[in-house]
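As structure tokens, the structure follows; a few thoughts come after it.
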Amino acid sequence: MLKLIMPTIMLIPLTWLSKKNMVWINSTTHSILISLISLSMLFQTTDSNMNFSLMFFADPLSTPLIILTTWLLPLMIIASQSHLIKETTTRKKLYISMLITLQALLIMTFSATELILFYILFEATLIPTLILITRWGNQTERLNAGFYFLFYTLAGSLPLLVILLYMQNTMGSLNMLLIQYFPQTLTHTWTAKLMWLACMMAFMVKMPLYGLHLWLPKAHVEAPIAGSMVLAAILLKLGGYGMMRITMILEPTTTSMSYPFMMLSLWGMVMTTRICLRQTDLKSLIAYSSVSHMALVIMAILIQTPWSYMGATALMIAHGLTSSMLFCLANTNYERTHSRTMILARGLQTLLPLMASWWLLASLTNLALPPTINLIGELLVTMTTFKWSNLTILALGLNMLITALYSLYMLITTQRGKFTYHTYSIKPTFTRESTLMLMHLLPIMLLSINPKIILGPLY
């Protein structure tokens, strides 16, 4: 585990000691090296998991998420160059240091064995993200977005801390590797139901569940490009990962308690896709599409069958790469037209033909076209949900239909039509941007050849 955490921490002195013209090059190349080192974790010789120490372990559920985290740092650094072009060198270095700190915390969160340690790291990831949003955001509303983000997350996860401390007292240990062998502590009393709610609420706010999702569009819209990427790709996955980990203590309450949340997810899935059709703001549209994808993941985790877990992990990885790519594309538009309104950035296909092909590929991946892993995840989740109840096919079918509609609506609005006059003299597509898009698409395409490496511990 140290082979990932130590180089990541050492990236901070590397960034601060780099010369003015080498900051971006050094941080990008070294973070790519770290992400290549992390690939070795995929080849696990044991069937169960790799125990690095008492503190850290990796199993087939956390490994793909750790690799996604390390893969995203170079992409965030590449994407942020244009955004920070007017900043002083010190501020650039500070910005990169924030991203590196966030990555180190996330790697440790995904590999923590102890639930209290997991909770501390889970909350610690809030701080760098908050600084990114409130310091480097674009509009003045970023402070409002930061408040929403902070209070939603904190209010949601405080009950979890109380319950974890209580469980530490009753069970004697909160080690994830031990907990699964303990006798079940929860009974069918109302206190057990409250405990279940307290444990799940923290992760449902983070996912976010429809109804608790108001912080997400705000935070996404106001965050700088790297903030949006890390929020969509990894911080939402923390919720899913935490839910999968904590449900093993909460047996057998989940089966009886999950119905209202599953109904809310199904309803929210259709509602957020319908909200997407009404959006004028590009970033807001992608943020709401994240909510609808994550609703599928919540459904899958609450059903608790091997297939649904496989679908949830596949969908989390797929969504991480896809939504991150869409945010990068939205950012390239924003850098050229200085507006997130879709109507003001229309007809760009004639001006930026290469970017239009990236837009097409990203939109098709987002609507889960075969052979992408998005399709594999959605199919697995849809099948298990249908097996759980046949009626859900109405909501799921409608969700898939509207997802296709808003993805194509986003593509057509930005790429087709007559372009506006203020876009005559825009900059061409840079190699940096094409590389960025390729580095998002490549894992999606390669994983569709061999998807079993991201299907989680039950494959």
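Yeah, the Cβs are placed from backbone N, Cα and C, and that goes for glycine too.
These figures come from a predicted structure and were not determined experimentally.
The feature transmembrane segment is assigned by Swiss-Prot to 23-43, 60-80, 92-112, 113-133, 196-216, 224-244, 257-277, 284-303, 308-330, 351-371, 392-412, 436-456 (among others).
Spatially, the transmembrane segment (392-412) is not adjacent to the transmembrane segment (436-456); fewer than three Cβ-Cβ distances between them are under 8 Å for residues at least 6 apart in sequence.
Between the transmembrane segment (92-112) and the transmembrane segment (257-277), fewer than three CB pairs separated by 6 or more residues in sequence fall under 8 Å, so the two stretches do not touch.
Long-range neighbours of the transmembrane segment (113-133) within the same chain, counting only residues 6 or more positions beyond its ends whose Cβ lies under 8 Å from a Cβ of the stretch, are 51, 54-57, 95, 98-99, 101-102, 105-106, 142, 145-146, 149-150, 153-154, 157, 160-161, 164-165, 167-168, 174-177, 179, 202, 219, 222-224, 226-227, 230-231, 235, 238, 242, 245-246. Residues 61, 64-65, 68, 72, 75, 79, 220, 225, 228-229, 232-234, 236-237, 240-241, 244, 282-283, 286, 289-290, 293-294, 296-297, 299-301, 340, 355, 358-359, 362, 365-366, 372-374, 376-381, 383-385, 433, 436-437, 440-441, 443-444, 447, 451, 454-459 of the same chain lie 6 or more positions beyond the ends of the transmembrane segment (308-330) yet place their CB under 8 Å from a CB of it. For the transmembrane segment (224-244), the most Cβ-contacting stretch among 60-80, 257-277, 351-371 is 60-80 (pairs under 8 Å).
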